[in-house]
Amino acid sequence: MANDIEMVRRVHRSSSVSIPMNALYQEENALVSHTGPLLRVTSRITPSGDTSCIEQENGMIHQITMDDNGNRRNEHLLRSGPLGLCNDPNCVVCPAVYKTKRATNCQVDNKNNNVNGETEQWAWKSFSFLCPYLPIMNPHTGVVQKWNRCFVIFCLLAVFVDPLFFFLFRTQQDNMCIVLNWSFAIVIAIVRSVTDFVYLLHMLLQFRLAYVNPESRVVGAGDFVAEPKKIALHYLRGYFLLDLYNVFPLPQVIILFVIPRYLGSSAANYAKNLIRAVVLLQYIPRIYRFFPLLAGESTSGFIFESSWVNFIINLLLFVLAGHVVGSCWYLFGLQRVNQCLHEACSGSNVKYCNMFIDCGRGNNINLFNSKGESWQDWRNNGNASACFTTTGSFQYGVYQQAVLLTAERSIIRRYLYSLFWGFLQISTMAGNLAPSYFEGEVLFVMAIVGLGLLLFALLIGNMQNFLQGLERRKLEMQLRRRDVEQWMRHRRLPEELRRQVRQAERFSWAATRGVDERELMENLPDDLQREIRRHFFKFLKNVRIFSQMDEPLLDAIYEKLIPKIFIGGSHIVYKGGPLEKMLFIVRGKLESIGEDGIPAPLSEGDVCGEELLSWCLEHFSISKHGGEGKIKLPITQLLSSRTVRCLTNVEAFALRAADLEDVTALFARVLRNPKVKGEMRSKSPYWRTIAAIRIQVAWRYRQKQRQLKRASSSGSGHGSVHPSL
């Protein structure tokens, strides 16, 4: 009875408690852990026969339960943005266990499968063999992203290979027939088989790739569906049939099985028609499935994030368009030559001329010689010979240059010239083409014009935007320099000041490249900003006062730092001038000249104006009720006792006095720490100077007191001797 009772235990955690991430997620460079209230539901296994799954790893049981709707739920699964991570290191549904080997024992109720339908049962049984070898994968993991990049490369190879089937055929001008290049056909069939195998692996991956539930995208990034059965059905109801049609090796079947077995060695004409139909019918759906990947997008986001890679992809797509147009132009030109030969055969009295047009693999010449005078009459036929000239009565239209090209023996020559012709027509949008009255030829030219316009609007536009993006920063710099020059002329600045302004502008551009770091940081998550600042300002802990401070106080100081740039020869602080900021030097060399006139060098990692922090922290006040009050700074400002001058161009971060006031107001309690007080008073240059001055004053006062005491003692001694005299 106790086993039939479902017990639910809810455990809430504070948002301040971080969830430990496991070390098994090795493919990711950075993990974003989920924080917030957690809900953990644990249910017992009921012996009623419902679908459930108990997965065991390293002796620990991980329960997978089914809700009221039949959905599979993982008791440890937490959603963290697009990653879908889990805080349980033994989870078998989340992608955190890619590197572990686990034993899975799943029990599926046949009655439940019958209720869900025969399709679901067939899908589950057909692809359940993948469970022991391939776990459920998160589409945002590094492994899947790398596979997508490799798959895009194979997609490019696949769409380049298919039009090469058109170059298997050529004409023999001497024999006036069509020939099939069988050795090249075998090579193309093998390459196509390799790409189809990669496509098949990608299909199998879709059965183990989690997807985002569309209904959960109303708020946030959505929830991942990690149930293998649902993933399989989602793919089966989606693009599975189209992918199955695309991956089927139709050209290989025709070349390796249909042609040798059913058509024989003299079937070049029939093979040409079959391959043309199969490649064109299968090429369009393959482009439909490949184009989103070639454009750099997938269900898991952008595949290529680099601008240069996207530029290369766009360039390859342009090459692909020229490749397809040129290959189709060659094939259609071959078709027109074939039609011309058939018309010449119909207008002649040559016997067996239809058989003479098809030379098969080029080894049918001996068979044709056995036909006697018919073969010689066909070779000497004037109408057939006119099919290989552009001055004959047959109208080739835009295929005139393809007539002699089809008679070339070299495949490289035929392909390169066809590729050139495709590039030329796409670039000019078929502006120099004059088609004949043949309907197919007119439609082909119209398709070239439409494709050229599409490429100009999409690919060429993307490439232009990319090139403009590379020059955008440079253009902004030029515009800013022009504005600065106009401003200096308007204000009539002297030439020396103009030179310094130009130098400062050049150094500022070289240091920042026109990027506003503060604006860039504001768009990042708060915790990521904090980690980046800690990385930037590691040298801040070298400051003696900061070495004893806690991370929260340092993070508050990091947020107030402002980047500053100084050119060589400029003065940052003057002796006797107000000290309004602290400077943390990142790059460059300075010199600090104190009251004694001795220069002290400053370089990377040093601090200028450290006494300002000590001065601000020493002038805080605490209310009588024990709470921290506002800092009450004196009316007079702190004056600098030294002069700081830049020897070279300097990059630094500044901390203003007003920001120091805010920081010390929030973290005034830190001053109660004896270590901080000791560091502030004993090692600060400001307090060292004050201590030295006070010691000197006390020492001089002590010396004067001694002199007065000696003088008084000597005077009293002379007064006591005089009466005795």
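Just so you know, the numbers here start at 1 and follow the chain as drawn.
Backbone N, Cα and C atoms are what each Cβ position is placed from, and that goes for glycine too.
Residues or ranges marked as domain 'Cyclic nucleotide-binding' by TrEMBL: 545-613.
The transmembrane segment annotation in TrEMBL covers 151-169 (among others).
Among the features that TrEMBL reports, transmembrane segment is placed at 181-205 (among others). Long-range contacts of the transmembrane segment (181-205) within its own chain (CB-CB distance under 8 A, at least 6 residues past either end) are made by residues 130, 134, 137, 144, 147, 150-151, 154, 157-158, 161-162, 164-165, 167-170, 240, 243-244, 246-247, 249, 251-252, 255-256, 361, 411.
Counting only same-chain residues 6+ beyond the ends of the transmembrane segment (244-262), those with a CB under 8 A from a CB of the stretch are 162, 165, 185-186, 188-189, 192-193, 196, 199-200, 203, 270-271, 274-275, 278-279, 282, 285-286, 289. Residues or ranges marked as transmembrane segment in TrEMBL: 244-262 (among others).
Positions annotated as transmembrane segment by TrEMBL: 311-332 (among others).
Within its own chain, the transmembrane segment (415-438) is flanked in space by residues 164, 167, 318, 321-327, 329-330, 336, 395-398, 401-402, 405, 444-445, 448-449, 451-453, 455-456, which lie at least six positions past its ends and keep a Cβ under 8 Å from the stretch. The transmembrane segment annotation in TrEMBL covers 415-438 (among others).
Residues annotated as transmembrane segment in TrEMBL: 444-467 (among others). Within the chain, the transmembrane segment (444-467) has long-range Cβ neighbours (under 8 A, six or more residues past its boundaries) at 307, 310-311, 314-315, 317-318, 321, 325, 328-329, 332, 398, 425-430, 433, 435.
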Cβ-Cβ under 8 Å with the transmembrane segment (311-332): same-chain residues at least 6 beyond its ends: 152, 156, 159-160, 163-164, 166-167, 276, 294-296, 304, 398-399, 402, 405-406, 414-415, 417-423, 425-426, 440-441, 444, 448, 451, 455, 459-460, 462-463, 466
For the domain 'Cyclic nucleotide-binding' (545-613), residues assigned helix / strand / coil by DSSP: 16 helix, 26 strand, 27 coil
